[in-house]
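A quick write-up on the structure given underneath.
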Amino acid sequence: MRPGTKQYVVARPLYSEESFSEEHEKVYRHLMLSIQIPKKSTKTAALSLLPVIGWMKIYRINEWLLSDIVSGVSTGLVAVLQGLAYCLLASLPPWYGLFTAFFPVVTYFFLGTSRHISVGPFPVLCLMIGSIVTRLVPDEGSPANITGFENLTRDEQRVLVASSVTFTVGVMQLAMGILQVGFVVMYLSDTLVSGFTTAAAIHILVSQLKFVLGLTVPGISGPLAIIYTLEIIFNKITSSNVCDVVISLVIMVVVFIVKELNDRFKSKLPVPIPVEVIMTVIACGVSYAFDFKTRYGIDVVGHIPKGYEPPVAPNLPILQETAVEAFPMAIVGFAVAFSVAKVYSIKHDYTIDGNQELIAFGVSNIFGASFRSFVASTALSRSAVQESTGGKTQVAGLLSALIVMIVTLAIGFLLDPLPKSVLGAVVIINLKGMIMQAREIPYLWKRDKPDCAVWCVTCLASILLGLDLGLAVGLGVELICVVLRVQFPRCSVLANIKGTDIYKDRKDYVHIYEPEGVKIFRIPSPIFFANMDFFRNKLIELGFIPLRVLRKRNKALRKIKKLLKKGDLQWTSVSSYSVAVESNVEDLDQPTDFNDLPACIDWDAELPANIIIPRIEIHSLVLDFAAVSFLDISAVNGLKTLLKELIRVEVEVYIVACDPYVLEKLHHCCFFDDEVHPSMFFLTLHDAVLHILEKHPAHAEKEHNYEKVKKTSRLDLSFSSSLFI
């Protein structure tokens, strides 16, 4: 090695799995079931179900309270505005968004494990709710034939649909939390979520155009709904309300500029400028002063009832009608909230529990649905406000709910003249972050094309087919990509880096050493029923098909035996043999039987009667199992068959770096027999190669000569001239 480089020297015996097990005693672990109830089980259960107890015990009043108050007030103002705006996405009267910004927040305060996310309406879920609402209660035409719709206005029917769907989502989330299946969110990759939310942003943008342009556009749901909606908007665009368009443009320009200033100078600003709230107040005042509703005919929020409505039970027929659509909402709502919560938990060094988060959101949605709120999750911008303004705990969230309650109970009437175009403009300008995710496409294309395909397919399917079907399509494509990656991995033939015990792909390095007659094959994935044939084909690419060679050898052996029996072939060696051969037809796939011959045949030597057998260039095959994490029964059976075929054509097979649990499974599945022995398993790749070189020293020193007879059976085959025809 080069002078000055770090190096180490290890002197140890050469180990196979058997020899290592004999020399080193192994600890056998058994699953112990304890029936003793821990002394603090009740306390632990209480802390688990009510995380508020844990962080309230360490709450620093002097350090945290003021920060939480400032954060709570700021977040509350944003929550009021977003509650009104996002409610339009759900096709519900605006004030029901205030309910969603209040009831789930109170419940999450006690049950949630994140201290920084702001619970409330999330635009993607609002849009998914809106598609269900408009499907069952369309803008034009009669509603669906559902028991419980009698004597209700259209808005009351829609609220009943939204609350019933929210109840279903809550029950699903609670059930998943109780069953400890929070891991399901892991199947939604960042790429899939990015493509899905980008498509949702496009849907939200289109849905808000009718408010920004002041048009009357019926709600459309189902596949290609976005195309039909755009068609209606373009047909009516000449009827746009100029006042709504001007107000929306002014709001969007001002909010965009101030938000950019907030991002640029966030290190210098104590709190971000609440530009949405400021512009909403200004627009509300101007609209009231100049009577925009009467003078220009714009659509305003209108009367906001004071107080809260009595609880309502979910409608069973609606639950049955919307259960399938509620499931993706439950998954998406939890996935988004958990992702945001995880970011802040890492930043502020505390832990969150995915299953407890499911329980918290499940109970929050069930409780909120009883008071006519719709599905709650977290909005990225609102959570960013709560964290960036100094929020330390969910006390800030509780104070934000208090601000929402004050607006609902006391000062909601001040928002009566607020133009809906203002809310639409605020929603659109807040889509910037989600729409800009499209910039990931070039990066993904250069780095990982399958991930890029997942992003594009998910986004396009969600745009054209709807968010629920789009999510299902995206998840299907993602799983297909995973299966294809595992089913068709990049196998490689390894070689030794000279002077080391390191083995790398022989195509990647120049100074390598490959022992004569030895092939080292790396398998970089689990082996199961779907990729067993793929690995077999990859091994065949090394130069021969073992089963075909075996069959040809058995056919040749039969022919030689027949010639010997007829006397047309003489077997000669140092001593003459008097051969008496009985006719015994064998299965061509069985091991070659030399019992009726005086010695073994060297298949690499010249054979009589123009018999031609494919020559095998290797004598040893090493399979690197370091990356094989599991094998199923199909793989075990297929591997055993393949090894037997190789062994029967005199190719020694060695398996190295096998996971102990894989090796244990092979023992349990009766993998070993008279042909396949445990001695073929070696601890490391270098151990196996050294063993092979020790066993075949001639192949390590000189080229193999196919014309030379093996030393162990120096026999010649002579045949009569009658065979030369």
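Even glycines carry a Cβ here, placed using N, Cα and C.
Annotated in TrEMBL:
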type	residues	note
DOMAIN	508-692	domain 'STAS'
TRANSMEM	65-86	transmembrane segment
TRANSMEM	92-111	transmembrane segment
TRANSMEM	157-176	transmembrane segment
TRANSMEM	183-205	transmembrane segment
TRANSMEM	211-230	transmembrane segment
TRANSMEM	242-259	transmembrane segment
TRANSMEM	271-290	transmembrane segment
TRANSMEM	326-346	transmembrane segment
TRANSMEM	358-375	transmembrane segment
TRANSMEM	395-415	transmembrane segment
TRANSMEM	453-477	transmembrane segment
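When Cβ-Cβ distances under 8 Å to the transmembrane segment (183-205) are tallied for each of 157-176, 271-290, 358-375, 453-477, the top count falls to 453-477.
Ranking 92-111, 242-259, 326-346, 358-375, 453-477 by CB pairs under 8 A with the transmembrane segment (395-415) puts 92-111 at the top.
Ranked by number of Cβ pairs under 8 Å to the transmembrane segment (65-86), the listed stretches 92-111, 157-176, 271-290, 326-346 are led by 92-111. Across the candidate stretches 92-111, 326-346, 358-375, the maximum count of CB pairs under 8 A to the transmembrane segment (157-176) is reached by 358-375.
Counting same-chain residues at least six beyond the ends of the transmembrane segment (358-375), those with a Cβ under 8 angstroms from any Cβ of the stretch are 49, 87, 90, 92, 96, 99-100, 102-105, 107-108, 111-113, 119, 121-122, 125-126, 128-129, 159, 162-167, 169-178, 182, 308-309, 311-314, 329, 333-334, 337. Taking Cβ pairs closer than 8 Å, the transmembrane segment (326-346) reaches residues 113-117, 119, 122, 124-125, 128-129, 165, 168-169, 172-173, 176, 182, 184-185, 188, 193, 196-197, 352, 354, 357-358, 361, 365, 375-378, 380, 383, 387, 467-468, 471-472 in its own chain, all 6 or more past its ends.
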